[in-house]
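According to TrEMBL, the substrate binding site annotation covers Arg57, Gln81, Arg86. Residues or ranges marked as active site in TrEMBL: His159, Glu264.
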Amino acid sequence: MSVQENDNEVILVHPENSKTTTKILKYGATVFSWTLNGEEQLWLSRGAKMDGSKPVRGGIPLVFPVFGKNNSDEHLSKLPQHGLARNSTWEFLGQVSANPPVVQFGLGPEFANEELTKLWPFDYSLVLTVELGKEHLKTAIEVANTSRNETLKFNWLFHTYLKIPDIEETMVSNLSGSKLYDQMLQQSYVDRQPVVSFHEELDRIYQQVDSERIIQVVDKGHPIHTVQRHNLPDAVVWNPWVEKSKGMADFEPKDGFKEMVCVEPGYVHDFVVLQPGQTWNAHQVLSKADLQYQIV
Ligand SMILES: O=P(O)(O)OC[C@H]1O[C@H](O)[C@H](O)[C@@H](O)[C@@H]1O
């Protein structure tokens, strides 16, 4: 059996390599582990809450309908940081393919966190599709506006925590020349550095990065993660470093920031707006892959 379901999680094992697996928690439909030939690719905090009491610190939390904390929209401003999808238990919709194994999860106001749904009372339907390839992990989202008369506006983001051996030896490539909003400096500018490197807390929203740009995480000259995006023009790059890690109760060990970097493909520079009956699709594909030097 390549797909197993229990009360809280769904586990996929690749039929051609039992050491290639992924695990998804129904809470948040959070992918919290992805092993490629026995090697874990995602970072998961040892202090992560897996019991539904808090969004998972690590893996791939799903951000919807708002990225960060909104202060201006009448309804979105009532939601906590990063919305309600990561705080809701999703419905397991089942397996849709055997090789590669593909499963789906669904969320709508009828299943979502009740308290938060009262604060953001819109009609929508989300379907998350997780595909475990021999060499990749694809997560795809479809958002439908199921209302008869109201528009739906939202952000989407895959808050992907990637596991790395050493943040100080890590570079994130292929973002050079892109406009960004630096959340630390609270300023927008164009990144003129050839690669992103890490020496302190870094929290940047790269905006409208051409989807042809394949973002890579490079460790001592080797690409250890390759992130391809479809319909996800923005990419947040984040490492909390020393102080911010100390301040997060579920971030363990405290020096765990050395072994993680978040590269978060999303649609956050603006809202996606759907008219009644419309749908929107996007996906990310994670893999290792050869080094791609791209012209910028
Ligand atoms: O602590 P959380 O709500 O999970 O947010 C974790 C992080 O998410 C994103 O990467 C934001 O850019 C950061 O500013 C934020 O700190």
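Here the Cβ of each residue, glycine as well, is placed from N, Cα and C on the backbone.
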Nearest-integer angstrom distance between the alpha carbons (Cα) of Arg57 (substrate binding site) and Glu264 (active site): 14
Between Glu264 (active site) and Arg86 (substrate binding site), the C-alpha gap once rounded to whole angstrom: 14
Neighbour count (Cβ, 10 Å) for Arg57 (substrate binding site): 24
Filtered binding-site residues, from Arg57, Gln81, Arg86, whose Cβ is under 6 Å from an atom of ligand 1: Gln81
Distance [Cα-Cα, Å, rounded] between Gln81 (substrate binding site) and His159 (active site): 13
Cβ-Cβ distance under 8 Å to His159 (active site), same chain, at least six residues away: Ile60, Pro61, Leu62, Val63, His82, Arg86, Val236, Cys262, Glu264
Assigned element (helix, strand, coil) containing Glu264 (active site), judged by DSSP: strand
Substrate site span - longest C-alpha distance across Arg57, Gln81, Arg86, in Å: 14
Those recorded positions listed as Gln81, Arg86, Glu264, and which of them has the most Cβ atoms within 10 Å of its own Cβ: Glu264
Shell of the substrate site beyond Arg57, Gln81, Arg86, same chain only (C-beta within 8 angstroms of their C-beta centre): Lys54, Pro55, Val56, Pro61, Val63, His82, Asn87, His159
